[in-house]
Amino acid sequence: MDSDNDNDFCDNVDSGNVSSGDDGDDDFGMEVDLPSSADRQMDQDDYQYKVLTTDEIVQHQREIIDEANLLLKLPTPTTRILLNHFKWDKEKLLEKYFDDNTDEFFKCAHVINPFNATEAIKQKTSRSQCEECEICFSQLPPDSMAGLECGHRFCMPCWHEYLSTKIVAEGLGQTISCAAHGCDILVDDVTVANLVTDARVRVKYQQLITNSFVECNQLLRWCPSVDCTYAVKVPYAEPRRVHCKCGHVFCFACGENWHDPVKCRWLKKWIKKCDDDSETSNWIAANTKECPRCSVTIEKDGGCNHMVCKNQNCKNEFCWVCLGSWEPHGSSWYNCNRYDEDEAKTARDAQEKLRSSLARYLHYYNRYMNHMQSMKFENKLYASVKQKMEEMQQHNMSWIEVQFLKKAVDILCQCRQTLMYTYVFAYYLKKNNQSMIFEDNQKDLESATEMLSEYLERDITSENLADIKQKVQDKYRYCEKRCSVLLKHVHEGYDKEWWEYTE
């Protein structure tokens, strides 16, 4: 806009975590590995991440702009657009700025080079008695018009309507371009602040540019918990366990619940596979077969054994009973009378391979889901344990003495979460000597975890109080130790490249 006002738009509006329609707001999809065993020994306090409120996010955004401008010395709105273009990577922006052709640099970022001031436009507008709005074609005095450095000018009502539509209806923030047809110059935040008077639209705009800032910045991530408005800021980006102020614990790299020992890329594949397969896999296994030629799944909906594949590129005719070609069956439409089983055996072997693959998937899926379902009872279990703690205090035990129960539930939930993700890890793992050691560790931890769960569900009486306390303490310490052993072994395997994968 034709204005020297560089004040930040966000001074008087709230900010928040909402989805943005701007380009470049997709997840950065970090493809990095879990830290090495040596790195994991480092105390978690050494990974100095911060949990930021939306106001702190806005302040952090200002700080980055100010730091960049110490060298750029550009108008603040221009610097904001440039930083957004470079995904808020200040170093990359400065490198390109000082290395590239200046005009080309600003052109790629869709801003006018501020060093090439459009004096002609300013002189034209100052001499004119009236100007024509390029949208509604009204003749208005210059002070009723506004425009960007590209020279396209529109009346205030047209600007307001245009910007409101882009912000509210289309969900655009940092990537709103000039209203002139074919002009790709971006509208800066100061222009929006001066032209948009509707408080609802202003708040929405600030939410969008704040969200864009977080999603573009590889050192920031919104907490994925429902309705949480916090973001986590990290010193460097890698798969790390971060704990939001809302209580949610997640992996910074992918945003999923913390999933040690499985890596982000395998968890992503697993979640997609579960979404695609789990709801219908059991029914498919019981009621369908695959075409022996193209493997398309076919349901038998009548008594006839003569099957015709509906795949337009296949049209294979085969026998439902033996899966062999239908042609040698002659006119025997209802009963398979083939004597030579060679071809049928080949077809059945292929069918069995597919069934075996499905059975393997269901083995790991069912155990994964079992631990997930158990974890969903966490709140109920905490409530039950709280009641037990109160009962124990009635048996002359102090508040401090009964804290072992809460500690036990914490470790139980931690072990269940670890076990849940070990089945994802195991599903993609090829068999070797180290994988057998892993499975032994997994079995040992699972057995101990189930026993701890059983202890916590027992009724507590004055007669068994001492016995239950000793058993719970011994078992949760054992679970904690075995969980640590399992994770250490898996990460040692990552470091020494023991693990090979099926896909």
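Yeah, the Cβs are placed from backbone N, Cα and C, and that goes for glycine too.
Since we're looking at a predicted model, the values are computed, not measured.
Of all ranges given (133-183, 388-438), Swiss-Prot attaches the label zinc finger to 133-183. Looking at 291-322, 355-386, the range annotated in Swiss-Prot as zinc finger turns out to be 291-322. Swiss-Prot lists coiled coil for one of the ranges 26-46, 341-361, namely 341-361. Of all the recorded positions listed here (C223, C251, C304, C314, C322), it is C304 whose C-beta has the fewest other C-beta atoms within 10 angstroms.
Calculated from their C-alpha atoms, the gap between C228 (Zn(2+) 3 binding site) and C294 (Zn(2+) 5 binding site) amounts to 47 Å. Taking DSSP states H, G and I as helix and E and B as strand, the region 'Important for interaction with Ubc10' (133-201) has 27 helix, 10 strand, 32 coil. Summed and averaged per residue, pLDDT over the coiled coil (341-361) gives 70. Set side by side, the binding-site residues C228, C244, C294, C309, C319 differ in how many other CB atoms lie within 10 angstroms of their CB, and the most is found at C319. Per Cα geometry, C319 is the residue among the binding-site residues C223, C244, C251, C264, C319 nearest to C291 (Zn(2+) 5 binding site). In the three-state DSSP reading, C264 (Zn(2+) 4 binding site) counts as helix. Same-chain residues with CB within 8 A of the center of the C223, C228, C244, C246 CB atoms, the Zn(2+) 3 site residues themselves not counted, are V51, P224, S225, T229, Y230, K245, G247, H248.
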